[in-house]
Each structure stands twice: as structure tokens, then as C-alpha cells.
């Protein structure tokens with residue numbers, strides 16, 4: 001097919017002149033040759049274009065893959081490093097060990113401790129020590145020559161009883177508390193102390209080896225724990241097994257719980273000690289207790305330490321001794 005070079009109109013192969021513009025036919029072949037030359041060239045170019053892949057894009061993909069891999073390596077390495085660092089910090093954290101409990105001069109106890117990683121000397125004011133569930137008072141602290149060894153000395157509040165004792169030493173400083181456990185076995189009293197105890201001028205004062213003394217002591221221990229749990233949970237259920245329900249204490253405690261709930265009062269028993277046991281009969285005893293409470297008045301945002309001397313009456317029931325009534329409560333100090 002021929003086309004006019006001048007006007008571009010289609011011309012028959014046998015035509016001498018362009019019927020549109022009149023240009024001679026000898027110039028038509030030039031247009032045909034150009035179209036024939038261009039068409040294959042365009043086809044080859046299109047084929048080459050389809051098959052061509054830009055090497056820069058491939059290179060960019062490789063670079064991105066390398067960067068992603070490097071980031072993953074850094075992240076994993078960072079996690080491992082952080083864990084190792086955390087483990088090292090845990091090892092360097094302040095801690096206390098009980099190395100010995102000396103009862104040679106019982107009832108005076110000496111607890112040897114080792115304090116690790118503390119930047120300064122320990123302060124006795126930051127220590128608390130419990131035997132079983134009873135806080136011990138009048139702690140003294142002595143530092144040994146080595147610098148991180150200390151001795152805590154105190155007189156046990158339960159010197160009248162023998163047997164195993166669990167101790168818990170706590171040191172709190174800068175909002176960081178460390179607690180460590182230990183134990184010792186309290187020795188039995190000697191015969192000399194028995195003679196002295198039996199020589200009391202008051203026949204109703206129970207001596208060390210009264211048959212019911214251990215049971216009475218256990219009853220008081222159970223009562224003190226149950227009372228604190230009742231107060232702080234605001235539920236008399238927890239004291240039912242510690243009192244003689246034939247008395248009037250349950251009604252009193254119901255009113256106490258209601259009042260404490262309204263006022264937002266909580267109590268902690270810091271210390272208690274049986275000072276005297278009087279025998280009223282084989283079935284009934286009077287027990288005089290020293291008690292130290294930390295009382296929190298949450299609605300008023302204040303708290304006080306208060307000391308009491310309380311006289312309890314215990315009855316012997318079918319399930320053991322129980323607190324029947326509270327005969328007297330004396331407030332002997334508060335701060």
C-alpha cells in the first residue's frame with residue numbers, strides 16, 4: 001500500500017499521480033520504504049522493552065533485604081544483651097543472708113547476717129524481725145570488722161515456751177524491701193526455773209508447767225491472729241473458731257466490724273506477750289496480755305501506735321480453750 005508523501009492520502013499501486021494533491025507517483029515509494037523500515041524497528045524495540053529489566057531495581061531490592069536482615073540481627077542481639085544486663089543487675093541487687101542464729105544466752109537471741117551490695121551501712125531503724133507471727137522489739141545492731149557482716153540482738157518475747165521458731169528478718173530502705181527467713185529451736189526451761197516458778201506465793205498464778213498452759217498459749221495465739229484477720233477483712237467469720245460462742249463476744253465483734261467499716265479502720269498487731277495467767281478453775285482461766293497495735297484511720301489519713309493491757313477470760317470447751325469474754329482493756333500508751 002502506497003501513501004502520498006505530500007498529503008498522506010492512500011494511493012493505488014498503479015497510479016501515476018496523487019488524486020488528492022497531484023504529486024508524481026515516483027515519490028510515493030519513499031513513504032512506503034519508511035513505513036516498512038520503521039515497523040520492524042518498532043516491533044524489535046517493543047520486544048526488547050518487554051524483556052528488559054532495570055538492574056537498579058534489582059540492586060535496590062538486595063540493599064533493602066540486607067538492611068532488614070541487619071535490623072533483625074541488631075534486634076536479637078539487643079534482646080540478648082538486655083537479658084544479660086538484667087541478669088547481671090539481678091545478681092548485683094541488694095540482698096541479705098542469715099548466716100547463724102545463736103541461742104547460747106537464751107532468751108537473748110543473736111542473728112548473724114551478711115548484707116550484700118549495699119552502698120552504705122545498714123540502719124537498725126530499717127529492720128523488723130518476727131518470730132512466727134510476733135514482731136520482736138528492742139532490736140540492736142552491731143557491725144562486724146568485715147564491713148558487710150552484722151549481728152542483730154534481741155530478747156525473745158516468748159521465752160516461756162520451747163520448740164521450733166520461724167524467724168523473718170526484713171530490711172526496708174529507699175522503697176526497697178528485702179526479706180529473709182531463718183529458724184531456731186527454743187530450749188526447755190531448766191529445773192531451777194521450775195522451782196522458782198513453782199514457789200509463787202499466789203496459788204492461782206499458773207507456773208511454767210501447768211498442764212493447761214500450752215493449750216492456753218495456743219488459744220491466745222489463735223485468737224490474736226483471728227482477731228486481726230476479722231478486723232481487716234471486716235468479717236466476723238474469721239474469729240468464730242477462736243471464741244466461745246456461748247458468751248457475748250460475737251455480738252460485740254459484729255458491732256466492731258460495722259463501726260470499723262464505716263470509719264475505714266485497719267489494725268496490725270506489732271507485738272503481744274502473755275504477762276500473767278490466773279487459774280479460776282480447771283475449766284476457766286484469766287490471761288493478761290500486753291498488746292501493741294498499729295491502727296490506721298484511712299478516712300482521716302492518719303495512723304497511730306497504741307499499747308494495751310487486756311485481760312481475757314478463757315473457757316475450756318469440747319474443742320479446747322476459747323476466749324469467752326474480755327474482762328478489761330487498759331490503754332497504756334499511744335504515739
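Quick reminder: no glycine exception, Cβ is built from N, Cα and C everywhere.
Automatic prediction, not curation, is the source of TrEMBL annotations.
Bear in mind that the values here come from a model prediction, so they are computed numbers and not experimental data.
Segment annotation: TrEMBL labels region 'Disordered' over residues 181-206 (candidates 181-206, 207-232, 233-258). Assigned with DSSP, the residues of the domain 'TcaA protein NTF2-like' (215-326) fall into helix, strand and coil as follows: 41 helix, 55 strand, 16 coil. Regional average pLDDT for the domain 'TcaA protein NTF2-like' (215-326) in the model is 94.
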